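Trainee: Shown below is the structure under consideration.
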Amino acid sequence: MAAATAPQGWQWGEPRALGRAVKLLQRLEEQCRDLRLFVGPPSLRDLLPRTAQLLREVAKARSDKTRGDPEGPGGAGDFLVIYLTNLEAKGRQVAELLPHRGKKDANQDVFPEGSRFRRQLAKLALIFSHMHAELSALFPEGKYCGHLYQITKGSANTFWRENCGVRCVLPWAEFQSLLCSCHPVEPGPIMQALRSTLDLTCSGHVSVFEFDIFTRLFQPWPTLLKNWQLLAVNHPGYMAFLTYDEVQTRLQAYRDKPGSYIFRPSCTRLGQWAIGYVSSNGSILQTIPLNKPLLQVLLKGQKDGIFLYPDGKNHNPDLTELCRAVLNQCIQVSQEQLQLYQAMNSTFELCKICTERDKDVRIEPCGHLLCSCCLAAWQHSDSQTCPFCRCEIKGREAVSICQAQERSMEVRTTAGDSGDNCHQEAAEWKLESVTPSAPPLPPEVPCPQRPQNKGWLTLAPFTLPRLRPPLPLPKMASVLWEVTSRPQVREGATESS
């Protein structure tokens, strides 16, 4: 698709375009009433009304001329032109596949499981799911925030903002040129494969939301495209645009071969992986490893005898080379910070939730630190927000705490990637400094003798006041006093009580 920009006078035609899109979704919803189409996730019967409602909210918010949404290149107007054009095209494809109500000669090939038409409908449902997620991320409750969207991985966020500014969407050709200046890719089939992986909505453009999902899936940043090439191009276990039900169907052929597995980007938790595998007793299971690099998960699964045969094949690719490049980010603690925490009878590296273990993981994108055990327990309680600030947890990063006196060249070469530019290798990562302020401290863990209290992590955290040095007292001019045995005779003296 060519680069789409908001045409002159688009602001007057935008309400009509949004109205047409809502009516299109309503017509498709009428065609999806057959119970044989009620499958998922994702399910068109659920997605169509939710997308229509979100578009109504967008239209309402955009009608308020006082909002002042960014309307420059790649802003709110450009995004809506691209989005609505793509929505109309995908809507027509869905309409051609779905049976029309009241017509007995309608297409019946869409109902049988495994048919070509059913597979096309499942892929379109995935695209509609991605489009709804993208619109929700850039227009939460209908209000545009694409210019403020924060990419989860720090280095990826820096790359986008330095090269794209406040734009939320770019034509593929322009984005390809920018990315290749940082991560070179040969033109041809590999570039086409990269485009199909990045462009989740199949619009011919790349949004900041799609780039966020891609960098979360194929982290870490220094080896981003190496990871993608090994996992999405060369690995036989990778499956693109596959749903939960289709994974179950595909693995049925390997039920007599425990250890067979395939993996796909999750359609319910974008930015995370879903792995389907055949267990030792022949049952088919699917799991979503929360906020962990797929490389580490597959290696551990191979070691444990769970992920052995990708798509039933005997050869399991070796991922150890890429895992060796995944180094812990080193958080540097200055002398000032050490003194600040000592004044609170604590230490910077101590986890402020359990007060037992040291911090070894950072929540992304908010950046709060805690120990991995507390984070695992917190997420096990089905909470996907930070226990400190309640921001959504989109990722995690292993870290180690380095005090100021421990600086050395060896530490400098094993630091993380948040401050380096895209041309540096992993061994050249720089230390990242931390703002000299104490994080908010949640309450301590209750004693284990009271298992009924399972909500200890949901209590609202309180913030300790930032400690400041004592204010200096003003200097007072010295006064010569006459020393006598009778203090009452001094001028200005008061009577003793």
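Just so you know, glycine gets a Cβ as well, placed from its N, Cα and C.
Annotation comment: Swiss-Prot describes 7-145 as region '4H'. Positions annotated as domain 'Cbl-PTB' by Swiss-Prot: 7-321. Per Swiss-Prot, the feature region 'EF-hand-like' maps to 146-218. According to Swiss-Prot, the feature Ca(2+) binding site maps to D199, T201, E210, an assignment based on similarity to another entry. Here Swiss-Prot flags 219-321 as region 'SH2-like'. If you look up Swiss-Prot, you'll see R264 marked as 4-O-phospho-L-tyrosine binding site. Look at Swiss-Prot and you will find 322-350 tagged as region 'Linker', backed by similarity to another entry. If you look up Swiss-Prot, you'll see Y341 marked as phosphotyrosine. What Swiss-Prot lists as region 'Interaction with RET' is 351-497, and the listing cites similarity to another entry. Residues or ranges marked as zinc finger in Swiss-Prot (evidence: sequence analysis): 351-390.
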Trainee: By the count of other Cβ atoms within 10 Å, pick out the sparsest of the binding-site residues D199, E210.
Mentor: D199
Trainee: How many Å separate the Cα atoms of R264 (4-O-phospho-L-tyrosine binding site) and D199 (Ca(2+) binding site)?
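Mentor: Distance (Cα to Cα, whole Å): 15 Å.
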Trainee: Do you know the DSSP helix, strand and coil residue counts for the region 'SH2-like' (219-321)?
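Mentor: Output for the region 'SH2-like' (219-321) reads 36 helix, 19 strand, 48 coil.
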Trainee: Return only the integer: C-alpha distance in Å from D199 (Ca(2+) binding site) to the residue listed as 'phosphotyrosine'.
Mentor: 46
Trainee: Which numbers of helix, strand and coil residues does DSSP report for the region 'EF-hand-like' (146-218)?
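Mentor: Output for the region 'EF-hand-like' (146-218) reads 43 helix, 6 strand, 24 coil.
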Trainee: For the region '4H' (7-145), DSSP counts of helix, strand and coil?
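Mentor: Secondary-structure composition of the region '4H' (7-145): 92 helix, 0 strand, 47 coil.
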Trainee: To the nearest whole angstrom, what is the C-alpha distance linking T201 (Ca(2+) binding site) and Y341 (phosphotyrosine)?
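Mentor: It is 48 Å, counting Cα to Cα.
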Trainee: If you count the other Cβ atoms within 10 Å of each Cβ, which of the recorded positions T201, R264, Y341 comes out on top?
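Mentor: The largest 10 Å Cβ neighbour count belongs to T201.
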Trainee: Take the C-alpha atoms of Y341 (phosphotyrosine) and E210 (Ca(2+) binding site) and report the distance between them in angstrom, rounded.
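Mentor: With the alpha carbons as reference points, the distance is 40 Å.
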Trainee: DSSP on the zinc finger (351-390): how many residues come out helix, how many strand, how many coil?
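Mentor: The zinc finger (351-390) comes out at 9 helix, 8 strand, 23 coil.
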Trainee: Determine which residues of this chain, when D199, T201, E210 are set aside, have a Cβ within 8 Å of the centroid of the Ca(2+) site's Cβ atoms, and list them as they appear in the sequence.
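Mentor: Neighbours within 8 Å of the Cβ centroid, excluding D199, T201, E210: H130, E134, L198, L200, C202, S203, H205, V206, S207.
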